[in-house]
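To keep things clear, I will list the structure first and then write my remarks on it.
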Amino acid sequence: MVGTPLFSNAKKILLLGSGELGKEVIIEAQRFGVECIAVDSYENAPAMQVAHKYHIIDMKDAGALRAVIEKEKPDLIVPEIEAINTDTLKEMESEGYHVVPTANATKLTMDREGIRRLAFEKLGLRTAKYEFAENLEELKEAVTRIGIPCIIKPIMSSSGKGQSTIKSESDIKTAWNYAKSAARGIGTKVIVEEFIKFDYEITLLTARTAEGTRFCEPIGHIQVDGDYHESWQPHPMCAPTKAKAQEMAKKITDELGGYGIFGVELFVLDDEVIFSEVSPRPHDTGMVTMVTQKMSEFEIHARAILGLPVNVDIVSPGASHVIKSEILKWAPEYEIHEASKVKDTKIRLFGKPIAKVGRRMGVALAVSDDVIKAREHAEKVAHLVKIK
C-alpha cells in the first residue's frame, strides 16, 4: 500500500546518490505515488531535479548519513552509488530501516574485493585470476604473479575511473598513482586482474521479486577506458551459454538477497561464462531498456522494491550510445534540433550542472528491426548533439 506524497501517510524512498540512473528510478517511483528524497554531495544533481526534496551531505560521513536517515525516516533506503558509509547502513538496518536490496549486499558490492571473494571463494564461480595490493611493492609482486598484460582497478570506484591496463612493467607506477587518485572510500587497495581476451561481454539484468527471479534479454556493450560507451539489446547468445549466464546470475543474486534489479556483468569466451561484477541497482548499460522493453530497468527496480509484479518482455531491438562532453562549462547548453530529426530515436539529457571533458551528459536511444541498425542510429544521434 502507498499513501500520498508529502502527507503523513506517504511511502518514502530515500535515494543515496542522485545521478542519471537514480533520476529515472525516482520518476518511476513517483508514478506510484511514492514520496522521493534525493541525497548527494553536490547541488542540482540529476535526481534532485525531479525529487520532492533533497539533501546535500557527504554520504561517507557516518554522522551525516545517520542524521538524514533519522530525519526523513524513509520506508526504503535505495543506494545508487558506491561512495556511501555502508557500515552505517548496516547499523540502520539493524535498527529497523529497510535498505535495498539489503545492507550486506550493498556493502559487498561497493568494493571489488568483497564481491570477488564472494563469487570465487564462496560460490565457486569462474572469474578472472586476481590479486590484491595495498602498496606499490605489493602491486609489482601481484603483477608478476598474474602476468602481463593485466588490469589494475581501485577496489572502490565507478565508471571506469582509476582503471588501467598494464602492458609492461614501466606502466605499473603510473597505474598505481592513477588508481589511488580515483579511489572512492577509505584506503588505496587495488585489485589486479588477469587480462581475458573474451569474445564479448554482457550485462544480464536480473530482477529479484516477490514472485521469483526474472531475467531480461542479454545486453551487449562496449566500454571505452573502462566506462560504458554503447549498449544494445538483445545480444545474441546460444541457448546453453545463455542458460549458464542465467544460472550464474541467479546464484550470485540469491546470495546477495533482497528485492530489486541487479546488473550482472559477465564475460563470454567460447561457450564459457566468466563472472566480472554485479551492481545491486539499475545499470548504466541498461538505459537501452527505456526503448527496448515493456518495462525499463528503472520501472522494474521500482516495482520490485515496492513488491509489485514486473514484466521483462522485450518489444524491439534497440541500442544506446553515450553523449559525452568535449568541454568544461558550468550550466552547458545543448543543440539538439538536428539530432531530434532522426527517426525512431530518443534523446535523454541528464541535466548535470557542469560539463567536463569526457563526462557523460546524456544518452541517445534507438530502435530498429535489428541491433546493427539501432547502434548506427544511436551513434549518429549522440554525435549530432552539440554541447556548448
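Backbone N, Cα and C define each Cβ position, glycine as well.
The model shown is predicted, which means the values in this text are computed figures rather than measured ones.
Just one of Glu80, Glu82, Glu91, Glu217 is listed by Swiss-Prot for the same N(1)-(5-phospho-beta-D-ribosyl)glycinamide site as Glu20, Leu21, Asp284, Lys352, Arg359, Arg360, and that one is Glu80. Spatial neighbours are here defined as Cα atoms within 10 angstroms of one another, and by that definition the neighbours of Glu277 (Mg(2+) binding site) among the binding-site residues Glu80, Arg112, Glu201, Lys352 are Arg112. Cβ neighbours within 10 Å of Arg359 (N(1)-(5-phospho-beta-D-ribosyl)glycinamide binding site), excluding its own Cβ and spanning all shown chains: 19. Here the candidates are the binding-site residues Leu21, Gly162, Asp284, Arg359, Arg360. The one whose C-alpha lies nearest to that of Glu265 (Mg(2+) binding site) is Asp284. Each residue contributes its Cα atom, and for Glu20 (N(1)-(5-phospho-beta-D-ribosyl)glycinamide binding site) and Glu193 (ATP binding site) these two points are 29 Å apart.
If you take the Cα of Asp284 (N(1)-(5-phospho-beta-D-ribosyl)glycinamide binding site) and the Cα of Glu193 (ATP binding site), they are about 22 angstrom apart, rounded to a whole number.
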